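One structure below.
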Amino acid sequence: MNRCWALFLSLCCYLRLVSAEGDPIPEELYEMLSDHSIRSFDDLQRLLHGDSLDEDGAELDLNLTRSHSGGELESLSRGRRSLGSPTVAEPAVIAECKTRTEVSEISRRLIDRTNANFLVWPPCVEVQRCSGCCNNRNVQCRPTQVQDRKVQVKKIEIVRKKKIFKKATVTLVDHLACRCETVMARAVTRTPGSSQEQRAARTPQTRVTIRTVRVRRPPKGKHRKFKHTHDKTALKETLGA
């Protein structure tokens with residue numbers, strides 16, 4: 001019993017010393033001391049360590065939130081700087097004339113042109129083709145050496161709703177070497193009358209046949225009064241009179 005009282009007095013002295021030196025003592029601690037829950041020095045240590053752990057946890061959470069918020073703000077500021085600041089453009093490099101890997105489609109015409117009721121597998125393969133640009137517009141990248149390569153594909157026929165697998169051979173063309181070659185333009189010689197002749201040759205001619213239809217008029221009959229007169233001179237004199 002005396003030990004408990006001594007413990008209680010030492011705790012009160014410690015609390016007063018702490019309140020005088022630092023922050024005020026919370027009222028929750030007084031309530032826990034007034035209660036009979038503290039019966040030994042171990043209970044007091046648990047109480048003090050529990051409060052310190054809670055405070056340390058709160059400080060740790062606060063530090064973490066500050067660090068996260070600071071990191072997010074820093075990342076946002078970096079993002080704004082990167083968006084706002086102009087990016088450094090790298091120099092352009094010409095695509096030189098050389099062989100490159102391209103994708104070529106295997107159509108059904110390469111296997112069988114008479115039948116369309118089948119599938120080809122694989123539908124496309126890789127080939128080597130010349131590509132690139134040259135220094136002049138009059139020069140193009142063209143292959144100087146080619147090689148035929150045979151590949152085996154599957155021909156899947158559908159007969160009476162059943163699949164029949166067959167093998168077929170397709171010949172592919174690979175480019176081995178490339179070079180920029182001059183494009184030869186066709187020489188066009190023009191003569192003074194050639195332009196009109198070329199235009200006449202280009203424009204399609206349509207033949208138009210015109211048929212003249214003669215309409216037969218009924219013969220002019222003489223007046224009944226002058227039927228008996230056959231002499232034209234006498235008839236003219238009679239009409240003139």
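Glycine residues also receive a Cβ, built from the backbone N, Cα and C atoms like all the rest.
These features come from Swiss-Prot:
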- 217-230: compositional bias 'Basic residues' (COMPBIAS)
- C97-C141: disulfide bond (DISULFID)
- C130-C178: disulfide bond (DISULFID)
- C134-C180: disulfide bond (DISULFID)
- N63: N-linked glycosylation site (CARBOHYD)
- 217-241: region 'Disordered' (REGION)
- 1-20: signal peptide (SIGNAL)
- R108: site 'Involved in receptor binding' (SITE)
- I111: site 'Involved in receptor binding' (SITE)
Within 10 Å of each Cβ, count the other Cβ atoms, then let me know which of the disulfide-bonded residues C141, C178, C180 comes out lowest.
C180
Does R108 (site 'Involved in receptor binding') have same-chain partners at least 6 apart in sequence with Cβ under 8 Å from its own Cβ, and which are they?
A116, F118, V120
Can you check what DSSP calls C134 (disulfide bond), collapsed to helix, strand or coil?
coil
Cα within 10 Å of C97 (disulfide bond) is the criterion; apply it to the recorded positions I111, C130, C134, C178, C180 and give the hits in sequence order.
C130, C134, C178, C180
In the three-state DSSP scheme, R108 (site 'Involved in receptor binding') belongs to helix
Same chain only, sequence gap of 6 or more: which residues have a CB within under 8 Å of the CB of I111 (site 'Involved in receptor binding')?
F118, V120, V153, K155, A168, V170
C134 (disulfide bond) CB neighbourhood, other CB atoms within 10 A:
17
